[in-house]
Amino acid sequence: MFSQKLSSRCEEPVFTASLMENEAYDRIGDEPPNYEETSFSGGTTSNGNGTSNGEHRAVRPSVVSAFGHDTLDRVPNIDFYRNAGSVSGNRAVRPSLQELHDVFQKVSVCVYDVESVIPLDNKDGTVRFGWIKGVLVRCMLNIWGVMLFIRLSWVFGQAGWGLGIVVIALSCVVTTVTGLSMSAICTNGVVRGGGAYYLISRSLGPEFGGSIGLIFAFANAVAVAMYVVGFAETVVDLLKENNAIMIDELNDIRIIGCISVVLLLGISVAGMEWEAKAQIGLLIILLVAIVNVFVGTGIPASTDKKSKGFFNYDAKIFMENLPPDFRDGETFFSVFAIFFPAATGILAGANISGDLKDPQDALPKGTLLAILITGVTYLGVALCVSATVVRDATGNINDTIATGMDMFCNGSNTAACEQGWNFSSCDVSSCKFGSMNNFQVMTMVSGFGPLITAGTFSATLSSALASLVSAPKVFQALCKDNIYTALKFFAKGHGKNNEPIRGYVLTFIIAVAFIIIADLNVIAPIISNFFLASYALINFSCFHASYAKSPGWRPAYRYYNMWLSLFGAVLCCGVMFVINWWAALLTYAIEIFLYVYVTVKKPNVNWGSSTQAVTFVSAVNNALSLTGVEDHVKNFRPQCMVLTGAPKNRPALLDLAHCFTKNYGLCLTCEVFVGPRTETLTDVNAGMEKNQMWLNKKKRKAFYAAVACDSFRQGTENLMQASGLGRLKPNILMMGFKKDWRTADTAGVQSYVGVLHDAFDFEYGTVVLRMNQGLDVSHIIKAQGEYTHTHASYLVVNAYYCIIKHITNVFSFLFSPPASVTTPQSPQVVVVNERLVSNSTQFQRKQGKGTIDVWWMFDDGGLTLLLPYILTTRKKFKDCKMRIFIAGQPGRVEQDRMKSLLEKFRIKYADIHVIDDITQNPNSNSWKMFEDMIEPFRLHEGSKSTTLAEALRKDNPWKISDAELDTFEEKTNLQVRLNELLQENSRAANLIIVSMPIARLGSVSDHLYMAWLDILTKNLPPTMLIRGNHKSVLTFYS
């Protein structure tokens, strides 16, 4: 049935072998494919934005889906949810809401998409490991280190098996809690390569991930040297016993260590498959060695072994080893510090997460099981040794108690005494044998000593091999994310497994450098602290993600607890100081430095970290808490809605608003798209993220908002009513002066003045900025864009021209580069544009010494005074002094009154000027300028008959009548006279602030009001007209 429907709707499909033929798949990252609409009338095609376009691109087809009819809707499919560049499958793009809403039922050609795609089959030969070989084996080999055979008996000798169990249990608690946290994190989504770095960076963000990733990779690289040196020391001990030292002990360690690391490097570079086989071989040797220990404890002890303190299983020996017996200044914490590095290694599986078949399943299962097995093994071996070996023994086979000799057994060697051995001399002088003195107790206890040596070799080499693989893998993942741009070179992989060959070489160099030092007693605790810092952040990541309660936090592994994870993080930090306090401080210092570095660099990544989630939750909670607090004048701060259009179109207006609000309040840059909604919505949606990113890039602490409306006034009204969140809402409207009001159509002027009226109605403070050259530089930006595009095309043509010219000179005369890349502009236009660009960036530069002149004509609540004061607190305006101009009567009364007020407000000023001649009539030239300004907009009905005057008023209600001019003659004179005074007193000011006149709604025509604003600010330095909402923003009360 399905095939019949399909054949009835489209031609016979041609299946291609490549998935990339599928038009639903995204070839270029996050950008959706282009779709074409075909009209039923056979007219021109549209590009989806409603604009005519000559390009013909692939059409997303409608298909016969599971619903049995043609539809653009798609059934749920995993390919829709993949990231761009996914390695496990191609990313498909679902139909957009606009497609379903606008272009449904369009006629199109049948092309198959995701619903008819054959799933990807990974046949590239990449090696992937399961949970046993990939995680369990690696973790066990890394945890079973040299400590098992060389130091475990000493730890239980010092601490006794009572506190020894606490040492192992505490170590297991740290690793188990970390394992639970890691399990929750890695089952909360697909895990890629990078191990601890990947888990932490995707949870807490690049700052934490980048800092810990670098030191974790370095710690693994140095750990290679540690394990190899441990192996080399064991070999040198064997050489010394057989008198086969090559040069001397130190140089022999270096030689053997370098040779060993070269062989390990060869295994690693050969590929993960060979490395896994080597690990299996080493595991078998290690298991045999461990079994050898258990078997040896059951074999009857020889006289030689008894003289060295080994007596099969004995309850009295076991009880004698119960209490601690700390010697040589050792304490519980120092013994714990020595043992704990043996428990590290739980991230060995996570470090190769990119090479696992199913990391989400393998990591929790393999890691936790490895912790359980190794913990039980450590405990079992330690208890067996505690039940069979005494703390002190002489090693002298003659120290036996003769038969029939009556000797009272007491003191620290009671158990040995009852076994017929006299080790009392160990109370007086130190002995060389027993669990406290002999590090080779395991070799003595075992059934076959050389197997323990082989186990020691296996433990060291397996740990070294695991670290040698882990360090480059983690480092490669870090470099791929390009957090440290200088390290991008190491991101490249080779072969089917994307092996980090460059990372291997770097790790090899670091390992050899530390092997040559051959003394790692100082560096060892630092490395342990590096690992613990990783564990702490993994635990904190789990806690943080749970605390954020983000809907995206849905781990499949449920056996975790956020408070347990927090306890694990604190415990890890505490253990760091227990192991070595100065190493812990050094680790924190390095991590903080790297964190600050990454924060300052701000890598261009977004992983949806829990830090973002917590920031969002905190912002919402803080915004809600503000709603419960009434506004207070002391806490007033300017929160500006700035009508910039696109933020880059009016930089001067944005820069000045940013000076008001940076670190003070909210800044909202707004754009109104005028036109039918169907035509403008695409531009609104497209500009949201782009303009916000531009603001962030320019370090402007502002938000971008846009609306689509039929008129500019309606759009601005919507913004003023709906913008903001609780108390975080604009209280000041900033806009530029409409310089072209005299040539603009009437509707444009009415819309502009209407916005000012609306601002007063909604009780917004209002600021209008005027600069002589204007504010809008959008035409220059557009011209620069066209020039750049044309110039790039020219460079390509010129490059081909140069190549051909050098190949042959015979035909060189046929080729000549274009004479110019753009149409030349007239000198006058160029000069105007240069001045406009210079003025537009004026407030981005530091202002020279000068003044900010504040003409505080009317009391508006103090906004006219507060805004310039805020400017003087900024670095760009710190060299500018405030001069205050007020209207008043002659004499010092007004000046003293204003001086007293400013002192109470604690506002610094340079001078106070009282303008006592403001009521004088303006001179004739100024008045003539004003009359010329309003002449085109006057009715002149006074010279007409009554009938004609009424007809003129009816046909042109927006024009300025003679009666209106008479009514507002004094106010008009004031604006013209003020401009004369401004020219006289403030011509050299850096910035002028003037109280904005208000036009009474319905009484003053729009063109007369614009003429007031124009004549008031004409031919002046940058001028701001300010009018507060007549609510106090200043107070002198504490």
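Cβ atoms are placed via backbone N, Cα and C, with glycine included.
Worth saying up front: this structure is predicted, and the values here are computed from it rather than measured.
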Segment assigned the feature transmembrane segment in TrEMBL (from 162-191, 642-671): 162-191
Which range of 448-471, 760-783, 784-807 is transmembrane segment, per TrEMBL: 448-471
Candidates 282-301, 332-354, 366-390, 530-548, 560-583; stretch with most C-beta pairs under 8 Å toward the transmembrane segment (448-471): 282-301
Proximity of the transmembrane segment (135-156) to the transmembrane segment (366-390), 3+ C-beta pairs under 8 angstroms: yes
Candidate ranges 162-191, 212-232, 282-301, 366-390, 530-548 - greatest C-beta contact count to the transmembrane segment (560-583) (under 8 angstroms): 530-548
Sequence-remote partners of the transmembrane segment (530-548) [C-beta within less than 8 Å, at least six residues beyond its ends]: 174-175, 177-178, 180-182, 184-185, 188, 196, 199-200, 203-204, 208, 212, 215-216, 218-219, 341, 344, 346-347, 560, 562-563, 565-566, 568-569, 572-573, 575-576, 579, 587-588, 591, 610-611, 613-614, 617
Remote residues contacting the transmembrane segment (366-390) - C-beta distance under 8 A, at least 6 residues beyond either end: 131-132, 134-136, 139-140, 143-144, 148, 152-153, 155-156, 160-161, 164-165, 168, 171-172, 175-176, 179-180, 182-183, 290, 293-294, 297, 301, 309-315, 317-318, 320-321, 342-343, 346, 349-350, 413, 415-416, 423, 434-435, 441-442, 445
